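As annotated by TrEMBL, transmembrane segment applies to 30-51, 71-93, 114-138, 144-167, 179-206, 212-241.
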């Protein structure tokens, strides 16, 4: 886990500024972020619920693998959630740059670029998730470090269209800045954990009121999940932009111009 970033980077990443700006974009464009994330997330939960059961999809029950086809249903549910995450991330990356440049938010215009990168982004996300999971099985710190190495895979795929070369590109961009990125990730993960805890607690209460409660629980869980995922996507989009600025002298205007 040797990394040149153990020394102070020559040019600071500016984690504090990135975190603050991420919150500013999230709350400054709250409605748009919710719209972008809520619809695909809700669809993903509905499909997962039909495959594995809604209580399982919401995390209220553990899945029973004794039934025929339960393992297949679980795998399909994971794949669907990864595809949903990829679409949402690709949309929010574009929103983050428009928001940073004070340009109009153009959700419909984001759809084409987002859909075109779904396959490589979903596959790369699954690969990174496995690697991060292995890191967390060893210790928490290796997991966070691996996450930092591949932190900007989503914006790399969306902006640079490098497809399956995104892991190598992310590794190069994050070199010497991985520990500062870990610091930003820790805050984002803590935020996501708090949101997930609140969501599960609220959904557990609401879902106890029968079928209507379960429907409302699914909607609430999808909405709250969007906040955590939205903040993480915006944060990593800004980290990517900052790394391009530091290492290659590319500003946000040039990055966002690929969508014009």
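Every residue gets a Cβ built from N, Cα and C, even glycine.
Fewer than three CB pairs closer than 8 A are found between the transmembrane segment (212-241) and the transmembrane segment (114-138), and contact between the two stretches is not assigned (pairs 6 or more residues apart).
When each of the listed stretches 30-51, 144-167, 179-206 is scored by C-beta pairs under 8 angstroms to the transmembrane segment (114-138), 144-167 comes out highest.
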